[in-house]
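Accompanying notes for the structure given below.
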């Protein structure tokens, strides 16, 4: 943007991406921010308002450039194009001003009593309906040039309003989350919808009371309502309940609602996302998230073009061929999109490979983190695909051979699958699989005779597939649990087979029309069940005896191993300044600590370290003698020895002095 035209042209010659850019309308932007965008009814002019400074810009689609620009005194809340072209425009401004513009420019300005938020134009009566920070709806008649009696509503404030283009019903959305419908002919309220209550469903989480932030009619009977908490409600005017409730799941106010009639879509937008969804089913068609916050969305009539006003200088233009054809003034977009579909071009990331930290460590390229060869993205990095292939060849030079073998193996398996396949047992749990196959075959025979539905097999169920593939799930037949349960399992299977045979015999007897006395089958079953129980108990006892014998053998082996092992002495190091004490002393100390305080006091009285005596007042006096540690005793003995040595030295010194004095006297 700050480059000169000369430098831009030079850059276009060098940069291929800039040459591929399509600029439909020259300088389709605002100085800072664009707030509203609309298309004239004849489709020739696109008008947008924004800041800063407050202004309107009109773009001519036939010339693909800007037609004119007009600056305003205050920021525009919303505006409406009254004529087919740009000759009659009405602006609602922040300072309660209503400004009229004609083809040459500013025409007239007036004020409304309260701050306005939205307005609609009633074509049959030439009335402007203003809603805002008031309970009244102000009416300004453009034919007479004066204000008419306002409509008194039950709402404290209103946010949006709209007039049905078929029967001209006036609807307004309030702060309380209600929609009031008025008949302009009688100036009476004809309906009231509580949208705040209907927007609360089981899947939605709403904080606070939702107010109405967007309102749009579709035909004579449909009306879409957007709330400040991010829900869109589609109503049939004949019912007070919504047909469908669509949640944006962002909790942001709905700013714009448009209807796309060719595909029965609703285009709803908040400041973050534009969603297109089917108005009958609510199924998402597509969604778009621009880089900047959205202020308004405008659908170019009878086409697949979409324009947005954003919190950025550039106003975005989107073309979706599925929604409709390109407008007449940019019909070349259709041929461009067809060429793009036929010749898909490589994207930016086609020449790069996404790798994680673990992949880099496996390739031995972890030292490249932080360098220009790796670009951090999400939970990994982008690296050049050529560097990736080179590193992979060095790390695993036989990767291509392995890949080739794997492909050959897959081809062979595909050809084998076309042959007649025999039932093969899996590698893991073969006996269990064989048992399941046998039981499945028996159950299928019974279900065919009874004409019942077959139950799914465990072998074909994906949830239990790993049990026959992973060797970790192999049944250990030598374990104690299996050996104790195996008789029960085998007997249950034998019992099942016998029951199946009995059922077959009963069915054969019914076919021959021969009746048996009641209770015979039950007696047979009871006798068989008692025999089975006896046999099962005997087998369990045998298994338990075998387990006990195995345990005895194991114990004997452990005992022999213990006898053969030689015990080596263990040495412990004592800390400096401490002396070794016998284990008996520590054991006595532990026993003493377990005793109660009273028992310890009695023991100390016996040893003489504690003396308890009664006083005159009635209380008791206890005197303790502290036990001296071994180190203290040694220190006292050393001090005592030192004193004795000093005494002996003093005595010897005094004795010598006395002898010398006697000698001098004698001399």
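Even glycines carry a Cβ here, placed using N, Cα and C.
In TrEMBL, annotation is done automatically, which means it is predicted and not curated.
Here is what TrEMBL says about this protein:
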type     : residues : note
COMPBIAS : 507-517  : compositional bias 'Acidic residues'
COMPBIAS : 610-622  : compositional bias 'Polar residues'
COMPBIAS : 627-642  : compositional bias 'Basic and acidic residues'
COMPBIAS : 643-667  : compositional bias 'Basic residues'
DOMAIN   : 1-343    : domain 'Nucleolar protein 10-like N-terminal'
DOMAIN   : 348-396  : domain 'Nucleolar protein 10-like second'
DOMAIN   : 461-487  : domain 'NUC153'
REGION   : 507-536  : region 'Disordered'
REGION   : 610-667  : region 'Disordered'
*Secondary structure composition of the domain 'Nucleolar protein 10-like second' (348-396) [DSSP: H/G/I, E/B, coil]*: 25 helix, 13 strand, 11 coil
*asked:* I'd like the per-state residue tally for the domain 'NUC153' (461-487) from DSSP, helix first, then strand, then coil.
replied: 18 helix, 0 strand, 9 coil
*Compute the average pLDDT of the predicted model within the domain 'Nucleolar protein 10-like N-terminal' (1-343).*
89
